[in-house]
Amino acid sequence: MSGVLTLPARRTAPGVFVALAVTLAIGWLVVTVDGGQLFSLPTTVSLLHVAAGLGLVAVGQTLVVIGGSLDLSVAYVISLSTLVAAEAMNGDDAALLPAIGLALAVSAAIGLLNGLLVTKARINAFIATVGVGLLLKGYLDNGYDGPAGKTAPALVQGLGYQRVGPVPVSFLLLLAVAAAAWLVLARTRFGHHLIAVGGDPEVARLSGVRNHRVLVTAHVLCSLCAGLAGVYLASRLGSGAPRVGTEGLYDLESIAAVVLGGTALAGGRGGVAGTVGGVLLLASIDAIFNQLEVDAFFKQVIRGVIIIVAVAIYARRALRKAAS
Amino acid sequence: MRIAESRVLPRFARVRPGGLAPIVAILVVLLVLLTLRQPDFLSPPSLMSFLGRSAPIVLLAAGQYFVIVSGEFDLSVGSLVTAQVVVAARLIDSEPSRSWPVVVVLLAFGALVGLVNGVVTTRLGVPSFITTLGMFLILVGAVYLWSDGAPKGGLSEEFRRFGRRAFEDVPALGRIPYALLILLAAAALAVLLSRSDFGRTLVAVGGNPRTAGLSGVRVWRAKTIAFVLSGVSAALAAILLGGYSGVSFQAGAGLEFGAITAVVLGGVALGGGRGSVVGAMLGALTLETLFALMNFYGVSGALKSTVQGAIILLAVAVSSVRSSSR
Amino acid sequence: MIRVITALTTAAVLALAGCATDEPSPSASSPASDAAGSGTGEQSKFFVRADYDKELALLGAAPTGPAGKPWEQALNPTMAQTAKFSKPGPYRICFSNAGLNNPWRQVGFKTMQAEVETHRGQIKDFVHVDAEGKDQKQIADINDLLGRGCDALIVSPNTTATLTPAVEAACQKGLPVIVFDRGVDTTCPVTFINPIGGYGFGHVAAEFVSQKMKPGGKVLALRILPGVDVLETRWSAAKVAFDKAGVDVVGVEFTDGDPAKTKKIVNDYIQRYGTIDGVWMDAGAVAVAAVEAFQDAGKPVPPINGEDQLDFLKLWKDKKLTAIAPTYPTYQWRTPIIAALKVLAGEPVSNPWKLPQPTITEDNLSEYVDANMPPLHYAMCGCTDLPGYPQRWK
Amino acid sequence: MADPPPSPLLTLRGIGKSFLGVRVLDSVDLDVRPGEVHAVVGENGAGKSTLMKIASGVYAPDEGTIDFAGAVRSFRGPRDAQRAGIGMVHQEFNLLPERTVAENVYLGREPVRRGLVDRKAMLSRTAALLDSIGESSLPPQARVGQLGVARQQVVEIVKALATDARLLIMDEPTAALADNEVERLYALVRRLQERGMGVLYVSHRLKEVFDLSGRITVLKDGRLVTTVDTARTDADRLVRHMVGRELSSYYPARARPDEVGPVRLTVHDGGNRKLRGVDLRLRAGEVLGVGGLQGSGRSALARALFGAAPFATGDVRLDGAPVRLRSPRAAMRAGIAYITEDRKGEGIVAGQSVLDNALLASRALLPGAGRGARAARVRELLAAVDVRAAGEDQEIRYLSGGNQQKVVLAKWLALGPRILLFDEPTRGIDVGAKSAIHDLVRQLARDGAAVLMVSSELPELLGMSDRIIVMRDGRIAGELPAGAGEEDVVALAVGAAREAAT
């Protein structure tokens, strides 16, 4: 027994990064044989942009999933956030910060609602967030018949198109948010409590953790991340778009990225590093298939298979660990 | 063994918490509101056609019930319905004689998808949310791929009558849609099944898998059968839906959420172990009534989802708070 | 907990009540249903009077260009010089596609591929990237294509407003950019190709429906989903026509393109109003379902419009409906290839390039009904002369 | 000695608590002084754990007051109690397997520096705490899931120590500890005592109680029997206080020799991850008791025989024929039933009705067959075991523990088992129902069943068994005949060395 004890508790990097490396290597080979270039500047930039949008949402989603919850309303929150931001800016750089603040505040309020429904009203997170999503959908459908508002030019230039070398500012934003989320999980009391609530709510409660408060906070943070993704998308699109979230399938894709990254859907296990890996994996598949001009529907089949296989592998590993 | 005097009370003294009362109450309120607006809604012809067109979602809810009560999710049913409808159109290709064989193929296909969902979930330890989400992506992608992006062929009238036609000139009722009869038969089967040994065992699996396993239940087998039932119900729903409205890539869109919502509205607990199939089916009927209600009240098309969302949240919140304050 | 429930109750009640008070004006319709003056509610912000007038004028204009080849014709052409893009072939032509997620785009894209095949000598490479209906991905796709040595870039934008910055960025690279179907809010592309457009479509259909029905009759408007510009313009033109004709638009409903939902909606409206005297739709996808709803309810099918999808045309012919099918022709997918080659050869092209937008009526219906093609094929594909017809489209 | 006793740290007055109508505590008074170890003893079901949970804020009392450090408290949760200075070592593990030792120890009160969790401080403080109880070999950054049971218990204790509590509640803290670890715990408790900390110490082991405590409170059936100074009492008197009741002193008559039939089940050299070299013979008509400390392999033996955690090695024979008990189903087919110790976790389906629970095993094993007759038979059985419920459709979670256990028994009896494995058959069951269960167990043996009964309650084990085997470290340490004394069992359970020392 004591031999086992000396093992370090921190686990090695999630398998998703191995998968990412293998995917990129094979992808690079195939694309090169095909006569293309996988790592050309524009392709890399595009890949990172796609990753940035999905990544911001997925990092937030990671937090609620670790807490044993789930947020299926993020797609609508994103759409709403693009609209709030773009309409409040109305093309005026002076309104930039207040508008971003407003968009984030609205998002946070929705997260608060989600959190209260899950904790105080004791509605299963699946139903609660689908329900809130429907509320928002009605608002968007009723209030908007197309893109509205105009993003401040400074934001478009800065967040939307500016880059440092091959790395877009938005991807740096993602890295910053992911690092912040990592810090929150690893180094704040809230983070520790969140992992505990997801791992075993009863243990958390008996240890003096205020489960409800923790879960509500996680939902607020998740919605904030979605709101931030919305601000980013507004900077890319130049305006608010009422269906950008749902068209992008950000709800299901973010969950896919989270589980690809090794976070357990049941909660209590996982982290944002894996999620970023999952996001990069999905974006790389996109990029490779783009280069090869593979049918989008075929890509979808592949994605479905990858998600199932990845989680099956994680499940097998967890099983082996439990047995050892 | 010493035989003591029976302390178990007779059947009429049953206590049944978490029963059908809430969903029946909601349904009645909606029906009253509907009848106030549209007095002839409950007249036989109107009611028959309403029940007929509601059959697919009610069937899906019944199938989803078995999966949810066993503690799992099936998010793949919507895409399965779409796939089935498109496959049916291509296989039948407007050729009447192929209708029956294709019905059989569809049922087998539904069962197969359910089997794969079940085996992957139970044997590979993948959470069913992920398994069926993956299956959702695979089915949608595959069916688009296979049909090259646009449905091919067409459904024969023979195939479509299940979902579209009716026994005409029935005394008192006017017409009885085939779909309604199929629904009634399937619902009766579902009720029987849910009361059967398997059905009760499945509830035990959802309620406490460890107890079930230690009582000799093969948990993985029970759950897999539940997924197969869901797949078969999706096949039936696809046959009726394809019949009702023809071939389209939109045929099954969003039905998985509709079915899960219906089941939860019907008092079935997500996570398993509680609820009845009748409740699930009533939940589906309630959702359909809600849609009709909104049509009759002229709720703006765009606002419908808000009303739907608010009512679902309200109903579920009330019932969950009720049951936890017990 | 109680507070949450109270809030929910309030929301539900407000939502229901808010709509229930629409009672007096039966048109519980999109954006704001309480506008008193017109029966169809407030005009969409997509409605631009000048464009509307221009488009309606184009309906009567005579096309220039080779007869029988509407995809090469232009209405009221205004030529743009392209000499600066002239370069020797063969070319690599790149195409950023909004999506392939509906039959219209599928038929169109196959038509485009076939068109490319007819120019095999001049086009060495045709690069296609599918944005899967996602704005964000299309922006990234366009950026990606800029690094792939394209000689010309064709864009079919997913959303007009949101794709504008990306298209502008592409123009700045000095590449000839050709936009078709939906437009962009910038003049930088070499040309913007599309048929007359949404106003024309909506107007033709609405005129027909209101003329064929009794005056003041009840019309049900069926729309696919809100917020798609092409569809919004169709509806805004229809509104004008309906208001002018003084018909009673009893409902504007979104079907999500789901035939089952369509049938339920139509069925409920038939029950609610007894009869519906006309049906207007912003796209043909669920026209058959709408017709079936009347058939199944045992009611005569009122004047209705569809699109050039074959299932509707067949039904129309078989059941002798009072119908019309304005089109948004898929042959427009041929034109960008033709235009790109012209631009790269330095030949002038019209900008904007307005294509004719034929309407299928009872008179020419039989020309378009082809029992051998699949039900969701679009008759107005202009593809019968292309290589691989009909197999490629089956 | 001459000093007046210091004013109490914790005072409980008139504490009462009921669960679903079952009275588990009735006007209990208790106080703990600073620097005092106050032991609470009583049989299983006496209400000790509930009382501790009330003191630590997990449950709110229905009646009575809690006075801590000079103020009346009404804790709204364990967090309140912790803040006030009451730490608790739980009987069941209260740890997150996925997290490190340090993270578990400081869960809910992580040290913070500049807004962030101070990992260094957390690790060093955990290390210091571990060191202070002589567990410095346990790395603070080890993942708890990788630790053995004993070390997890150590973490559990350290977790409570880390609260800077003024009062520490220890609920059976030594249940999983080895001898040297117990000694260390003693040293630790004494050190805490010197610092002026009060300790509420719940234990079954009288030796510990006498070694450590200053006063002892005896609970019985949810009531206070007495509180005595440890110095003024002895084990005999204490046991009389604990056991002194009429109902449980009665056990049904043992099997007469002519009632014991042939050997039903033999195990030769059975072993798996928790068991080694098990040799066993079980006869029809007898009740074979299995004793031993927690974790000694008692339950593992029952689970191995039931196929839930099968033997990996060895040879099992049923009526002389080899049989492979690889799964519960296989065991059930062979006529074996297993009544688990964890009734809530794996004995019942809480949300299902009495009838559904009683039918579960028959439905699983013989689906569909003769449903009407079977239901009638199960109803008869429910009546026969005297289940008291509002109706057969009542959800089983609303039943008392004893009635739940009877339903579980009916579930197994419906299969007509020939071998019954009882694991703590009367755990958490009120006194009246206990003897009913005892009667049922004996009656089953009398009707020809072979019964194996695991019990940690010595009176029950001694009173019910026709033979007793005692487990230690996954082996059968020895066998005792009917009529053996408690000391014999304890001696075998803890090993001869300890016996000599006592």
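Placed from the backbone N, Cα and C atoms, the Cβ positions cover glycine too.
Features of the protein shown, as given by TrEMBL:
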type	residues	note
TRANSMEM	B:20-38	transmembrane segment
TRANSMEM	B:50-68	transmembrane segment
TRANSMEM	B:75-92	transmembrane segment
TRANSMEM	B:98-119	transmembrane segment
TRANSMEM	B:126-146	transmembrane segment
TRANSMEM	B:176-193	transmembrane segment
TRANSMEM	B:225-245	transmembrane segment
TRANSMEM	B:303-321	transmembrane segment
### Query
Which range out of B:50-68, B:98-119, B:126-146, B:176-193 gives the transmembrane segment (B:225-245) the most CB pairs under 8 Å?
B:98-119
#### Entry: Residues from the same chain, set at least six apart from the ends of the transmembrane segment (B:176-193), whose C-beta lies under 8 A from its own
48-49, 51-56, 58-59, 62, 65-66, 161-167, 170, 199, 229, 233, 236, 240, 243-244, 277-278, 281
### Selected stretch (most C-beta pairs under 8 A with the transmembrane segment (B:303-321)) from B:20-38, B:50-68, B:98-119, B:126-146
B:20-38
### Query
Same-chain Cβ contacts of the transmembrane segment (B:98-119) under 8 Å, 6 or more residues past its ends?
74, 76, 80, 83-84, 87-88, 91-92, 128, 131-132, 135, 139, 156, 158-159, 220, 223-236, 238-239
### Summary
Tertiary contacts of the transmembrane segment (B:50-68), defined by C-beta under 8 angstroms and 6+ residue spacing from its ends, are 41, 74, 77, 81, 128, 163, 166, 177-180, 182-183, 186-187, 190, 193-194, 199, 202, 206, 223, 225-227, 229-234, 236-238, 240-241, 244, 255-256, 258-260, 262-264, 266, 268-270, 272, 275-277, 280-281, 283-285, 287-288, 292
